[in-house]
Structures are given as structure tokens and as C-alpha cells.
Amino acid sequence: MSSSLGKEKDSKEKDPKVPSAKEREKEAKASGGFGKESKEKEPKTKGKDAKDGKKESSAAQPGVAFSVDNTIKRPNPALGTRKKSSNAEVTKELNKCREENSMRLDLSKRSIHILPPSVKELTQLTELYLYSNKLQSLPAEVGCLVNLMTLALSENSLTSLPDSLDNLKKLRMLDLRHNKLREIPSVVYRLDSLTTLYLRFNRITAVEKDVRNLPRLSTLSIRENKIKQLPAEIGELCNLITLDVAHNQLEHLPKEIGNCTQITNLDLQHNELLDLPDTIGNLSSLNRLGLRYNRLSAIPRSLAKCSALEELNLENNNISTLPESLLSSLVKLNSLTLARNCFQLYPVGGPSQFSTIYSLNMEHNRINKIPFGIFSRAKVLSKLNMKDNQLTSLPLDFGTWTSMVELNLATNQLTKIPEDVSGLVSLEVLILSNNLLKKLPHGLGNLRKLRELDLEENKLESLPNEIAYLKDLQKLVLTNNQLTTLPRGIGHLTNLTHLGLGENLLTHLPEEIGTLENLEELYLNDNPNLHSLPFELALCSKLSIMSIENCPLSHLPPQIVAGGPSFIIQFLKMQGPYRAMV
């Protein structure tokens, strides 16, 4: 008797490497919880129309690493609808703006096809928002708005801009994201007061040498285009703080990039970079460097001079080693992602290289050993992801990792967990799925802060009674093991919301399961020896997902099973000693 009332997700997919970074981008999954890529933010609008914005979807894959934009956020859409404005209505808005002498006009999300030429009369405007319309061109009259400082044109169908815009001598922010530009309009290079320029998600193939004419530029975002190279003149942008060239087709960077010494955020992820210039070491203000999903095989030693660096993401390249003592030189580094590379050993440099690291992700490499003492100075290390490596054991000083909060050791070849796991008193998340564990240490019960314990796909035949001490546990995954029984102490886990017991050899469930008052998801599927459910299960009033497929539950009528958890609980109440609760 079976029921498809809910299944646990399989999180064990591996992401094979292939030569092309673009192909790897499609296949590889991001590391959960480590180094997520964030969305580029939107320009802010104010006033009564501020709820009519539109959220921009992220082109990035799941996890981690980061977007380096330092932008301002635009409003959320009102009820997800687009305002439809006739020409008369738009003209009315323009007239109102003129009469009230408003300095700000928001015509975003109005399905506007053509902006009336009468806009030229609004010479007092300093902010004009036209994003998320259907504009294919701008009237030349926009060039009359000589006081304009902000012009937001994202999410239209613009293919060019009128030359008259070069009259906008005060323009500081220009947003052209999500249009149909095949090149950066020549007039843009003449807007020498620009400090912020957004060109994300167009069809731009090149940045011209004329970019040197934008000396005040502090933020330049040209991610998600088709740019194959940057001109040497990019090095003349001495005020540049944020440079986002992610999701393009770059193979090299000009050495002149080293002249942009004010850069703090540099996002180069999802390109085809084969190397980095030594001059990158000149970026003494660099705070975040995103290089994930490229084709790098080495990192220049000069990067050690970027002493302000806090986040370094090298995920999914072809790197097998780092320059010796590189990490020790990066004295402010707190987040390091080396996932999906070719490391067989930990980076050379000794314990001091991890003294400032908060999060270390080395998922999907070929490491077979964590060196003894490597984390002896890692007093702030809270997140360690060693998923999908070749570990067969853990170091003898494993129990000294007292600052660890999240530890992922999934998809290795571990046969045992040391008893001194009891020393990891700060641990909240422990992932041990897809290993070769036959039993768990009694010291596990000392992890009183544990919220999530994942032991899926091991060879466990029983659980220690000490598991009853994990009273903060919310998620316990024991799927695909060899369990025949559960300890009665399972009933002490009253904060449990998710319990995965599918694909085991359970013969029964303890009646104490009825004390799991917060249980919402229970997976019992594929237990061939489970013939009945305890009446106490009826006490789990919050249960909303229950999988019992491929279990020979002969006492449950098929129509009850088909009705889902609420029917099953009702049936157990009627048939058992809890019928008074019906």
C-alpha cells in the first residue's frame, strides 16, 4: 500500500567539471549556505508611486558567490500589476508635475510606448524614473532637462539614446539595465558628471576607449552582456569603487586595472578568465573579489598585497594550489570559497592562514585529509564545508573546533565520527549524509545547540540514546540507513518539525513519537517491515506531510491513505484510545 503524500529531496547530486565555464555554469549547483550570489539592487523612488516598482530576477544560480554592486534599491511592485496609461494620462502627469514644480517624476511601470515631447517643459526636474515601460526610443526633448541628476530607464526596449542627452551636464546616475543596447551609446561617454552607470543585461559587445571620459565614475555595472575584453583606458577611472563585469566573455584583464586603486568591489564571476595580471596586487582597497566560474589555473602571488580583502571566491576554476602564505598575508580575510576546483591538499601556509576566516568552503575537491592542527588558530571559524571530497577520517584535534556552528562533511568516505565530537558545543548544523557510518558516538548528545542533523545514506543500524538530549533539534534526516528501531528518547525532541525515516528497516515506531507536537513532515516511505503506525501519532496535530509509500500498513484502508495526513490522523484517533479528541 503506498501513498505519494510527500518525498524527501535528494541533495546529493554531484557537479562534474567540464572545460567551458559556460557549460559548468549550467550544470554546477551552488554550495548551500556558503557564498551565495546576491541580486543587483535597483534605483530608489519615493512618493506615492513608490510601490509601483518591479523586482528584478537574479540571473545567478543558486548559492553563494556575491554581487559587488553598491546600489540603491527601488520599490516593490504594487500588487504585481502594470499601470496602463494613455498618452492623455501621461500628458496629464507631465502637466501636474509642471504646475507643482516637482523636482521628481515617476512614470515607471505604465506601459508607455512614447514619451510626449512636452517633457521638455519640465526643466526643473532632477529625477526622472521611466523603468519598466515599453519605450523603444527617447525623444530628443529629454535633453532639455538640464537639471536632471537621475535618469532611470531600465526594463524598456531601448536600442539607442538621443545625442541631445549630452546637455545633461549634471547627470550623475544613469540606469539602462534590461534594454536592447548592442553598444554603449556614444552620448554616454560624453556625460562626464556620471558617478553611477548601470548597463546590466543588454547585448553590449565592447567598452570603448572613450570610457576614459567618465573620470567621476564610481560604480560601473556591465554584467550580463557579451563583452570579450576591457580597454586599457579602464585604468584611467581613478575614482572607481565598484566594477561589476560578471557574466561576460572576458579571457583576460588589462594590466591597467591595477591603476584603479580605489576599487573595493570587483566582480568577475562567470567569465572565461584564464589568468589575472600581477597588477591586481595594486588594488590595496579591494574588499571583495569574485572570480567564481572562470578558467583560472593559478592565482598571482601579488594578490597577497591586497591586505584589505575580506571575501575571496574562487569557486569552479581549475586551481590545485595557492601561492604559499597567500592566505596568511590577507589579514582581514573572513570568507574563502575554493569549492569545485582541483585541490588534493589544504593550502600551504600553516594554521595562521585561517586565523581570521569565518567561513571556509572547500566542497567538491579531491582532499583526503584535514591536517592535524590546521585550525588550531581558527578561533572564529564558524562554517566549514568539506562536502564531496575523499575524507576517510577526521583529525585527532577534531574536538577542539569549538567555534564551529555549521559543519558539512557530506559525500565523503567517513566510517566513524570521533567521540570528542562532544567538544563542538557551538554546533547548530551537522551534515554527515552519504558516508559509511555504522554507528554514532555517544558524545553527540552533548551538542545541545544542534538544530539540524543530516545522516541520510549511511549504514546506521541504531541510534544512541543520547540523541534525546538534542532538544533544540528541528530537522533530523535518517533516510536510507539500516535502522530497525528508534530509541524511545526520540520523544524528547519536541522542537522537531522534519523527521526523515524513509528507506530503512523499521518494524515499528515508538509510541513516544506522539509527543512531537511540532512535527510537520514525517517520511516513512520504503520501510518494507513497517506494518502499523502507533495510535499516538494522532497527537501530532501539526503534521501536514506524511510519506508512507511502499510500507505494508495493512490496518490502514486505501481511501484513508489517499486522503493524506489529516485522514490518517483522524483514523488513528477513531480507532485508538484518543477518540475523545475527535
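Cβ from N, Cα, C; glycine included.
Residues or ranges marked as compositional bias 'Basic and acidic residues' by Swiss-Prot: 1-29 (among others).
Here Swiss-Prot flags 1-90 as region 'Disordered'.
The compositional bias 'Basic and acidic residues' annotation in Swiss-Prot covers 36-57 (among others).
Summarising the annotation, Swiss-Prot assigns motif 'RVxF motif' to 63-66. When averaged over the motif 'RVxF motif' (63-66), pLDDT in the model lands at 38.
The repeat 'LRR 1' feature in Swiss-Prot is assigned to 101-122; the stated evidence is similarity to another entry.
Taking H, G and I as helix, E and B as strand and the rest as coil, DSSP gives the repeat 'LRR 2' (124-145) the counts 5 helix, 3 strand, 14 coil. Sequence annotations record features per position, and here Swiss-Prot assigns repeat 'LRR 2' to 124-145 based on similarity to another entry.
Annotated repeat 'LRR 3' per Swiss-Prot: 147-169, in sequence order. Within the same chain, residues 42-43, 45, 54, 56, 74, 103, 108, 123-141, 175-182, 185-188, 190-191, 193, 198 sit at least 6 positions outside the repeat 'LRR 3' (147-169) and bring their C-beta atoms closer than 8 Å to a C-beta of that stretch.
Counted with DSSP, the repeat 'LRR 4' (170-191) comes out as 5 helix, 3 strand, 14 coil. Per Swiss-Prot, the feature repeat 'LRR 4' maps to 170-191.
Residues or ranges marked as repeat 'LRR 6' by Swiss-Prot on the basis of similarity to another entry: 216-237.
The annotation repeat 'LRR 7' is assigned in Swiss-Prot to 239-260 on the grounds of similarity to another entry. Distant neighbours of the repeat 'LRR 7' (239-260): 40, 59, 67-70, 195, 200, 215-233, 266-283, 290; these residues of the same chain sit at least 6 beyond its ends, with a Cβ under 8 Å from one of its Cβ atoms.
Swiss-Prot lists 308-329 with the feature repeat 'LRR 10'.
If you look up Swiss-Prot, you'll see 403-424 marked as repeat 'LRR 14', on the strength of similarity to another entry. Tertiary neighbourhood of the repeat 'LRR 14' (403-424): same-chain residues 11-12, 14, 32-33, 363, 378-394, 396, 430-447, 454, selected by CB-CB distance under 8 Å and a gap of 6+ residues from either end.
Annotated repeat 'LRR 15' per Swiss-Prot: 426-448, in sequence order, evidence recorded as similarity to another entry.
Feature annotation from Swiss-Prot assigns repeat 'LRR 17' to 472-494.
Per Swiss-Prot, repeat 'LRR 18' is recorded for 495-516.
The repeat 'LRR 20' annotation in Swiss-Prot covers 542-563 and rests on similarity to another entry. Each residue of the repeat 'LRR 20' (542-563) gets a DSSP state, and the totals for helix, strand and coil are 5 helix, 3 strand, 14 coil.
Beyond the ends of the repeat 'LRR 4' (170-191), by six or more residues, the same chain brings 40, 43, 56, 126, 131, 146-163, 197-208, 210-211, 213-214, 221 to within a C-beta distance below 8 angstroms of the stretch. Counting same-chain residues at least six beyond the ends of the repeat 'LRR 6' (216-237), those with a Cβ under 8 angstroms from any Cβ of the stretch are 40, 59, 67, 69-71, 177, 192-210, 243-260, 262, 267.
For the repeat 'LRR 17' (472-494), the residues of the chain that approach it from at least six positions outside its boundaries are 8, 433, 448-466, 500-510, 512-518, 523, 529, judged by C-beta separation under 8 angstroms.
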